[in-house]
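Trainee: This structure is in structure tokens; I'll ask about it shortly.
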Amino acid sequence: MQGFISQVLGPVVDVEFKDYLPQINEAIVVNYELEGKECKLVLEVAAHLGDNKVRTIAMDMTDGLVRGLTAVATGNPISVPVGEKVLGRIFNVTGDLIDEGEEINFDKHWSIHRDPPPFEEQSTKSEIFETGIKVVDLLAPYAKGGKVGLFGGAGVGKTVIIMELIHNVAFKHSGYSVFAGVGERTREGNDLYNEMKESNVLDKVALCYGQMNEPPGARNRIALTGLTMAEYFRDEMGLDVLMFIDNIFRFSQSGSEMSALLGRIPSAVGYQPTLASEMGKFQERITSTKKGSITSVQAVYVPADDLTDPAPATVFAHLDATTVLNRSIAEKGIYPAVDPLDSTSRMLDPQIIGEEHYKVARGVQSVLQKYKDLQDIIAILGMDELSEEDKLIVERARKIEKFLSQPFFVAEVFTGSPGKYISLEDTIAGFKGILEGKYDDLPENAFYMVGNIDEAIAKAETLKEVSRKDVCLDNCKVDKAKKG
């Protein structure tokens, strides 16, 4: 059905039809010429103004749009390609390829506006999603089909953790991942693409980008584009999918911009009045079904570090676990720099993870907390002033801190150490042994950047051998000096 543009107000475009009224969320296409180039703009219907006139939100820049241009209603919402063909490629909000690679004919397309799975299809089991990362699996385990908040400043290793998770899901669970770049920097999107290429994980992930320089419609709907691709892998292929959203705050922020542009009365702190329902509608689609699951890791930017801001506060209500990255841990050279005391999970419950796992996790946190409390005394008076019991706690805590580090597959290029995937059983056994004092005789350096506890024992032997050789060399030098 053909109509024409009657008004252009930045990213908001009014379209008038003669005998037709498009539905809310229907896609309208405008083809026009700008500086001698053919352009195609997709608009999404956001409001009915009466007299067959609709107000739409543009999914790209509206440069060059003029009143009177022909607009064609498609009769359907925005639909994007789905299936295995999307892996290794970069898409924009409308499902067009933007990686300058070879063109592909996609045979399957799904609408980005979908209902969540019905209750009878959803899985009621509480299962752990094993990541192979010790600190996560032990202290803040992810729920299969759950939602994880990833908190951390710039340069503490968010991207590396995301890439490692993509790697482990692909190689250990034979699963796929979808990455949605929601309103982040174009440079970061480019860096992530290149790093994934170098780390050989690109062919297991689909990338959807709606970056900072794009209109609010594109930044908001890109999250739905990525989620739709993930839903296909879950519902049609029965896979366990990992969905990354960087950054979920930008989803709320762009929704707020759209709301203001449409003239809706703002709510608290200027956010849209529908903030909670929009977030709920989106998050409800991320779930486990009897066929497969979508587990999402969502980077959360907290504006001005204010946790009570409505945007992050609305996200917190949906999270099952939080992974907090701490700069002070990264400064010690411990990677991944996950804070073992700040990170949380609703899965850390003896009825879900079992008594042994729960006791070991709480034991580790207890020792680390005591060590944290003792640090002021150590800084002022030194280790010698501590009681024997406290000295033992400090020694074990330092070993635990070191043992929480691990070499990543995707960081092999930088560290020179082969990556390690550590099963949950090995992780629990290793930390249980440290808490029980089985490894009190091993040096703390033996626990740094190793996989399971057997590797720590082997590393301790190597360190002992090296120090023995050093002592022999020193003795030989002394003997030669005496003879000389």
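Here the Cβ of each residue, glycine as well, is placed from N, Cα and C on the backbone.
Got these off Swiss-Prot a minute ago, pasting:
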- G152, G153, A154, G155, V156, G157, K158, T159: ATP binding site (BINDING)
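Mind mapping these onto the model and telling me what they sit next to?
Mentor: Cβ neighbours within 10 Å of G157 (ATP binding site), excluding its own Cβ and spanning all shown chains: 20.
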Trainee: Could you find out if DSSP has T159 (ATP binding site) as helix, strand or coil?
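Mentor: T159 (ATP binding site) sits in a helix per DSSP.
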Trainee: In the same chain, which residues outside the set G152, G153, A154, G155, V156, G157, K158, T159 have their CB within 8 A of the centroid of the CB atoms that define the ATP site?
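Mentor: What remains near the Cβ centre is L325, A330, A337.
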Trainee: Give the residue from the binding-site residues A154, V156 that has the most other Cβ atoms within 10 Å of its Cβ, counting over every protein chain displayed.
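Mentor: Of the binding-site residues A154, V156, the highest Cβ count within 10 Å belongs to V156.
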